[in-house]
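According to TrEMBL:
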type: ACT_SITE; residues: B:Asp210; note: active site
type: BINDING; residues: B:Gly92, B:Glu115, B:Ile116, B:Asn187, B:Cys188, B:Leu207, B:Thr285, B:Glu286, B:Glu287; note: S-adenosyl-L-methionine binding site
type: REGION; residues: B:52-81; note: region 'Disordered'
Amino acid sequence: MPYTSVTVVEANSCRGAIALVFDSDFHVTDSKGKLLASTAADLQDNAAAIKIANIGKGGAIKAAVFSRDGSLFAICTLDKNLLIYETTNWSCLLSTSTEKRTNAICFDPTGEYLVTGDKFGDSYKFKVGLAESNNSDTGREKPGLVLGHVSILCDVAFSYCLASETQQQYILTCDRDEKIRISKYPNAYNIQAFCLGHTEFVTTVAPASFAPANAVTGSGDGTIRLWEISTGKLLQTVELKEFLAKYYADGRAVCGENTYEDRTAASERYGVLRVRVCEKQRAFVAVVERIPAAIILPFESKQDGEHGVLGNPQLVDLVRAPTDVAVLDDSIIVSLAPVSSAPQADQGTSNDAPLIAALRLGADSKFVHDKELTNALNGCKTKEVALVPAIGSVFVWGNKMYLERPKGEDQDQDQDEE
Amino acid sequence: MADSTAGPKLPQKRYFRQRAHVNIFNDMPLEYPVRPSEQDWSDHFPAYFRTQQQPASAARPLSPGAEPQAKRGPAGSAHTAQPARVEFADIGCGYGGLLVALAPLYPSTLMVGMEIRTKLVDYLQRRIHALRTFQHALGPAAERVDVRSKLRAEFAAPDSTEGLHDNGETERLVPGHYDNIAAMRINCQKYLPNFFEKAQLTKLFILFADPHFKRRKHKARIVSATMLAEYAYVLRPGGVLYTITDVKDLADWNTKHLDAFPLFERIPDDELENDPAVPCVINSTEEGKKVARNNGSKYLACYRRIEDPANLNK
């Protein structure tokens, strides 16, 4: 039987840990891919791994994140649970539920709060602390509203730069309506700027410590963009089609079919799933829906106070399309989409198809496949299932489909009807 | 403006009725610019913004009191020192009573009414077009309106405002000739920053908003803790946010959120007496007249955008 796919990868260089999320479970490995802890430790032969208490409610995990120093780890699930663990013995520090479904989570720079972005457009902060006792929530700080968009929030992140007037960080939130909002944090009532330029939903925002004045975003509009945080000014637009069209041309990327789930991706589109930061290499790495490649964009700093630019991308081909990407020191870890029904060469048979591809920095400062880490990470087996569920296209929820959405189909349950 | 000889007509409201509630969370085929600099205002303010094809003299205001600050092409193509820009915004402008009343009071200030209901936008655009056509047809020798004394008279007897002048002046010249007002269909709760730069606006009006009584609809209210951040973003420090409603619950909700919001400060009532916009806020909207006819209460609350108190401590 095939194994269920990894949908989210997250890594932290300080802690030297990689988290692989599959359905409602996750594994945590060290930097060599050796299993340290898991909610499904019983799936493994490795008895040394810590069994992490599972939430037991069965909702698939939507997002996972380490704190900056790696001492904390959090997940949010589709059934609206939010869990925070400490990463030494993996005890649970907070288990709570949210009113609306959380799409994105991020620890604030101090690690004092976990900040969410939800499907209703609101961002809340949850105080990290000792687990609640079952029948009392006295003494626990209530989750505080940080900010809100009137749109679905897709990602949330914190800047490495400080606002000059308040010495506060910025919180960056991006939404389904093409916007990235930059607010002061914790004083998020004060909006510093909006980054406007994307023409579709913005899926991911990545601030980097080596370019503290900037943020890089990815969108369903087929671009990756570089911004100035303090003004919201668009500095650079990278058109992905220019160097990714070849994947559609030679059949390695396959358009969706003309079904409801697929029709919004039925043309050659480039939906950025994630942009992450390679701190040591001063680069960004992106993965794009249906494109079997890791896209590494070097950041070239400029002298004399001029803005840096994203340089020519390096593409590393993957055996299958990606679902997510994470970075650990010199390694890039990509989770791979399920084997598609469309016949494709080299994607492996469904039973032994790899779930993860790992890259490392090669001799000429180019990324190459890391067979050792790839094998080790694929050795951490996920759950066996009869049929691996297909992963829906980001365009299905991201598109403004007033014209093509058929009546009665996919009525969003969280949205108020009128 | 060529049809002025054909006899312009003001549109009639009864053909433009639409139910009051719109779900702001739904996707709607709205037009909005990617960013404010790409908004082409020339359709809305032809006297102030040149289109690419149009020569500069297409529709020049008649009186010196209404000279535009500057002219420029669309999409920031010109580098004029002080390009014309919208400074007042009426969120949920409805049939546009406020704009028509304010237009001659601030004849060289561009103001835009924003409304999500299609039919009302259609009505107001026709209304403004008709008013401009009347004004431009009058010629410089026509009688001029003393706007302030007219307003004082109206404020003294608000019940008598159902007259002809209620729809805007068609027989006497008014400063600005209604060239400075426009209506557009936008979802302000989603796309305000697409139209206005940070600190662009000096006045923002939220008059007789949809009360959204149900608790689960409260996020849809025009005033909310999260939306206030966006209003503060488009308002410049010193700018004023006007709110008025006839629903006590909503008034309490508005003041509760505005009082708690660090970037807004309530303006005391005695200061409002000198603000010429306030009588218009209270009396000139269709909703405001309806409330007055029914002898309902109106709850006015005005707030000044202040600098972030967190900055001053440093």
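Using the three backbone atoms N, Cα and C, a Cβ is placed for every residue, glycine included.
Those TrEMBL annotations? Automatic predictions, nothing curated.
What you are looking at is a predicted structure, and each value in this text was computed from that prediction instead of being measured.
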Number of other Cβ atoms within 10 Å of the Cβ of B:Thr285 (S-adenosyl-L-methionine binding site) across all protein chains: 26
Maximum Cα-Cα separation in Å among residues B:Gly92, B:Glu115, B:Ile116, B:Asn187, B:Cys188, B:Leu207, B:Thr285, B:Glu286, B:Glu287, which the record lists as binding S-adenosyl-L-methionine: 21
List of residues, in chain order, with Cβ under 8 A from that of B:Ile116 (S-adenosyl-L-methionine binding site) and at least 6 apart: B:Val22, B:Ile24, B:Met28, B:Gly92, B:Arg185, B:Ile186, B:Asn187, B:Cys188
Inter-residue C-alpha distance, B:Glu287 (S-adenosyl-L-methionine binding site) and B:Asp210 (active site) (nearest angstrom): 11
Alpha-carbon spacing, B:Thr285 (S-adenosyl-L-methionine binding site) to the residue listed as 'active site', which is rounded to whole Å: 14
Cβ neighbour count (within 10 Å, all chains shown) around B:Glu287 (S-adenosyl-L-methionine binding site): 20
For B:Asp210 (active site), the number of other Cβ atoms found within 10 Å of its own Cβ: 18
